[in-house]
Amino acid sequence: VRAARGALRWRRRPAGTGDALVSAAARGRPQPWASQQRRRPRQKSASDEMETEKRPAPYEGLFADGHLVLWTLCSVLLPVFITFWCSLQRSRRQLHRRDIFRKSKHGWRDTDLFSQPTYCCVCAQHILLGAFCDCCGLRVDEGCLKKADKRFPCKEIMLKSDGRALDAMPHHWIRGNVPLCSYCVVCKQQCGSQPKLCDSRCIWCQKTVHDECMKSSLKNEKCDFGEFRNLIIPPSYLTSINQMRKDKKTDYALLASKLGKQWTPLIILANSRSGTNMGEGLLGEFRILLNPVQVFDVTKTPPIKALQLCTLLPYHSARVLVCGGDGTVGWVLDAVDEMKVKGQEKYIPQVAVLPLGTGNDLSNTLGWGTGYAGEVPVTQVLRNVMEADTIKLDRWKVQVTNKGYYNLRKPKEFTMNNYFSIGPDALMALNFHAHREKAPSLFSSRILNKAVYLFYGTKDCLVQECKDLNKKVELELDGERVELPNLEGIIVLNIGYWGGGCRLWEGMGDETYPLARHDDGLLEVVGVYGSFHCAQIQVKLANPFRIGQAHTVRLILKCSMMPMQVDGEPWAQGPCTVTITHKTHALMLYFSGEQTDEDISSTSDQEDVKETELTDEEMQV
């Protein structure tokens, strides 16, 4: 259209106008007609008007882009701000809760609806986020912590009044959250069956009673400490002991006679880092059933300090339950030996084991099982401790003297309870120990730990780092040198079990060998041909190479570095002389209820041997 209009104007211009325009343009002077043409406004067509309507104004586009940016910033920053505000409020609540935990006399621990559905003892509502006391069992919501701390007292370790008699301990009732399997002491009906805060429980004797059956006489009734009265140290006893020490009296037997002849107080020593990391939960359960002063975490209180509680008890009456692996048991037995050195032999306790470690060979030998995973209630564990019998356990001194250095270095000394070994099993323990030290949180499962042992054992089957051991060591049993075949490992046993539940000395088959005992003053020495041979022994497809029994074992490492271990504590050792001699005895508690078929058969064989020996002696007489 524009081109047609231009052509029409060109045709209508006067003659000579083009030349004049050219000349005028050349001279730079504007022509009247040209100025008129410039001034004349161009008429808009319909298409131009439509394009004008469609094209937005510049300020309108800018305004729309600003809205988009604003909404984008809001959608990004608002969640960030809400998250930051929530985390700030959560951290404030946590600081406030920790401040209450620190100042409170209760042993508060965090809890929520998902860990264990319970009711608040203050407001009687469901606990979504709150705390519970692992000493008295009190459970409260987060908003009721201060009220509960002021209203409800915790378990008393010692009585406030010195004049109170031993038999004047009243019940300490806590309302609600009673065990579902408990029964009322009055009507003998089940307690805690209603979905609300109801019924009461005594935190000392663990008796439960319905709200309807609670009477004034029952509230004022004295507490007899229930089923485990022979294991609990009463608060009044510690109050009396404190008064006697002020008066410089030490006749504790007269004071304990009021508690009965069967009173054998129990001290709990738990390692919260052992094996499956169950120690923390067990500590709380034992505090609820016993006096909290009897329960210790050995990672916070060393055994030598915890065992000083035995000096406040009658002679030879204390018992100790060690919750941990074989290493924790050895740690406690070393503390017992220190008590002997200090002249406290009369207060030596008897030691039981609750296995929480990986191997648990010592606890298996003593009848406490291969591992504890919570399948047995804690109350049953305490019953087993009361029924256990006292036996003796040989303890051996392992002295390692390095060669060279003109004997200037002091020999290293270890105490052996289970076994000493050099070879492939010590190499597996050394590799496992090195990786557990780097990342301890990854080795909290007993099954995972055994899988790691299997991995390193398979690796050693291919590499064979300990081959030709017979050319590197010399072995002497009771001073006589023993010729060794082509072995890769030597194991010196004090107990019947090895490698997580394998009876190494007895083996399998029709071959008869003297039964291994842990109290006869003898060591059993065997050899293995490699990691694959160890695996065959554990699945009962092969027997070890039995070298002999001895009272003293001497091993000389002539050259190279070799892995060694004592009770699962490995290290790499250079040329040296290892001497194993008898050190002392330890009083242990043996429980016969966890015996396997092999244990029963071996026990019957031992009884037959004893009867035969007695018959021979009678015949000689």
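The backbone N, Cα and C atoms fix where each Cβ goes, and this holds for glycine too.
Look at TrEMBL and you will find 1-53, 596-621 tagged as region 'Disordered'. What TrEMBL lists as domain 'Phorbol-ester/DAG-type' is 105-154, 170-223. Residues or ranges marked as domain 'DAGKc' in TrEMBL: 261-402. Per TrEMBL, compositional bias 'Acidic residues' is recorded for 596-606.
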Practice task
Could you break down the residues of the domain 'DAGKc' (261-402) into DSSP helix, strand and coil, giving a count for each?
Solution key: 58 helix, 34 strand, 50 coil
Exercise for the section: Kindly report the helix/strand/coil residue split of the domain 'Phorbol-ester/DAG-type' (105-154) according to DSSP, in that order. Expected result: 10 helix, 15 strand, 25 coil
Problem - DSSP residue counts for the domain 'Phorbol-ester/DAG-type' (170-223), split into helix, strand and coil - result: 4 helix, 13 strand, 37 coil
